[in-house]
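In Swiss-Prot this protein carries:
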- 328, 329, 330, 331, 332, 333, 334, 335: ATP binding site (BINDING)
- 704-779: domain 'Smr' (DOMAIN)
């Protein structure tokens with residue numbers, strides 16, 4: 001499509017309306033390059049993406065993308081084997097993190113059915129190993145100590161040396177206070193110095209680094225810290241060298257993945273642009289138009305996007321209609337209507353929402369041409385008419401049946417009779433070539449052309465004779481008429497003069513009366529349509545209100561049912577606990593046999609109501625939330641024992657996880673790390689202990705293995721285990737606690753010592769575990 005139309009209709013200003021919604025530099029670059037497309041499938045794809053984004057906002061109310069810098073130049077430098085600085089690496093780290101977040105967001109999406117965006121989400125790739133390594137770069141663009149063991153060693157020494165220097169200088173501040181101009185430690189050329197009064201400069205031995213502008217203060221590095229400062233200088237040089245080595249290593253890690261990272265960055269930017277299109281559509285009450293396959297245009301309540309308070313108008317350009325001729329006086333809004341049509345087409349063909357109502361339809365043109373405004377060329381010494389005619393000739397040479405042509409004041413700038421004839425001839429040529437055209441003119445001769453010629457329609461802009469001002473309402477099918485007599489009368493021109501003027505133009509009076517009747521009919525039709533739209537809007541509001549009330553009622557009902565169930569469950573749980581206590585006491589007194597106790601417990605449990613929770617929305621949602629908190633590859637974590645951040649890279653067969661923490665790879669169990677994004681701790685699941693029943697102490701005994709348990713968890717399992725053993729009349733059990741630090745072993749001993757049903761306990765023989773296991777005799 002020709003670029004001149006984009007300048008004429010100020011399409012770049014339209015694109016700037018989307019800038020406030022963008023978060024990434026990549027999306028800004030894509031918006032800058034956005035131009036109208038000429039292939040319907042590509043336009044349809046863009047519209048489908050906006051519809052998909054609308055689904056996300058309807059279901060989840062938001063779609064967050066963090067601010068991302070452009071990394072295109074950094075990736076080019078990587079391809080040229082250059083090393084990146086820390087700010088460039090930080091920008092890439094954010095892209096990797098945002099990619100991982102977006103993948104997780106997509107995996108958690110519910111109740112959405114995408115047409116186009118799914119392919120974008122699924123083409124995103126994550127790099128858990130790279131993310132883990134890049135945790136060594138914090139959000140402030142600083143390398144953390146754990147980036148490498150050498151860097152950690154250097155910084156530890158640096159901290160110690162600086163602390164010693166500060167301590168020495170702090171002591172000197174107290175001892176030499178009368179010699180100092182200020183009671184502080186200053187810094188000159190990276191060295192710690194004291195501000196000494198010039199008169200006492202010989203009282204403190206050391207190196208002079210600076211003198212104040214007044215000459216009253218000398219900045220001296222005391223001899224006591226010279227060696228330490230030299231050491232600090234060397235350590236800082238070592239630190240810079242090690243940081244450079246780490247940045248080189250990080251750059252080498254990225255090089256094999258440049259193409260994939262570039263693709264991820266583009267996808268994130270494109271998603272950001274789609275998000276901006278949706279937000280623009282939502283804030284401006286715009287719509288996604290349908291695409292016609294027969295050059296039909298239907299714009300309902302279309303508005304000019306660059307006007308602050310635009311008047312909405314309907315415009316219908318049917319398949320058979322070749323030209324619309326807007327006639328009438330100037331300053332009525334004819335040019336605005338012409339530009340509104342052009343911009344609606346440019347926006348639609350660029351994949352942008354159109355400022356119109358739902359049901360609007362656009363066509364797909366290979367080119368849009370316009371001759372709008374005074375384009376007189378001073379350099380070419382052309383008159384207004386010559387300039388317009390030169391441009392029109394160019395348009396007629398290039399336009400074809402897949403073009404849209406817009407003419408403003410066609411034939412103006414020359415003799416009215418000749419200008420009108422030229423305008424009609426040009427329109428007739430375009431009509432015979434089946435080129436859709438909209439033209440504005442103030443020549444009355446073109447009204448007759450619009451009435452008498454097939455596939456050509458007149459139109460005009462409404463004028464309020466009461467206020468003597470245009471309303472900017474588009475009246476399709478009604479030619480424009482002159483309002484000169486009405487305006488002259490209202491402005492005080494003598495009635496006899498107006499009457500005489502009317503008699504002089506008597507031949508046109510019948511035409512004006514017909515036009516006046518058409519205007520009245522059009523206004524009446526519009527009033528009826530407006531009333532129908534008002535009723536329709538009221539019905540929509542009522543429908544939304546009913547749906548809202550129903551949803552609120554359903555939600556409250558679910559809450560009440562859940563509350564009732566919980567209260568009932570609490571009563572049942574209380575009864576079961578009481579029954580356990582009673583049965584335990586009976587068992588202690590040997591009044592019941594074990595199988596009778598088990599039967600009795602089964603009968604009591606039958607008293608609990610069996611509630612089908614499979615359809616409970618509240619519980620199902622809770623289960624989904626809980627399930628979503630399970631660790632996944634690519635999750636950011638904090639290693640509990642070290643307090644360092646890392647990223648999960650893979651899960652081993654035994655359930656343990658491999659994580660990348662800085663440049664170190666670690667193997668962790670689930671309880672040795674926490675997820676960074678988890679907002680609430682998961683409840684610990686009740687664990688069941690399988691107990692082997694036995695009637696006496698002979699044969700295999702029940703065992704409880706407490707190795708690897710935390711202290712509180714181990715004590716809870718031990719208490720439950722002993723209760724089960726007593727309930728099942730077991731005479732002897734084994735408790736395996738290991739040796740380790742001895743904490744759990746000591747806890748087991750204390751527990752058994754104070755339990756009234758434990759007759760005897762002792763460590764197992766050496767061949768059966770020794771001090772790592774305890775044999776307990778119950779009775």
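Using N, Cα and C of the backbone, Cβ positions are placed for all residues, glycine too.
Since we're looking at a predicted model, the values are computed, not measured.
Counting other C-beta atoms within 10 Å of each candidate's C-beta, the binding-site residues 328, 329, 332, 333 are led by 328. Shown for the domain 'Smr' (704-779): DSSP residue counts in helix, strand and coil, namely 35 helix, 19 strand, 22 coil.
Non-local neighbourhood of residue 335 (ATP binding site): 372, 373, 408, 440, each in the same chain, at least six residues away, with C-beta under 8 Å from its C-beta.
Mapped onto three states, the DSSP output places residue 335 (ATP binding site) in helix. Here residue 334 (ATP binding site) comes close to 326, 328, 408, 440, 461: these same-chain residues lie at least six apart in sequence, with C-beta atoms under 8 angstroms from its C-beta.
In three-state terms derived from DSSP, residue 329 (ATP binding site) belongs to neither a helical nor a strand segment and is classed as coil.
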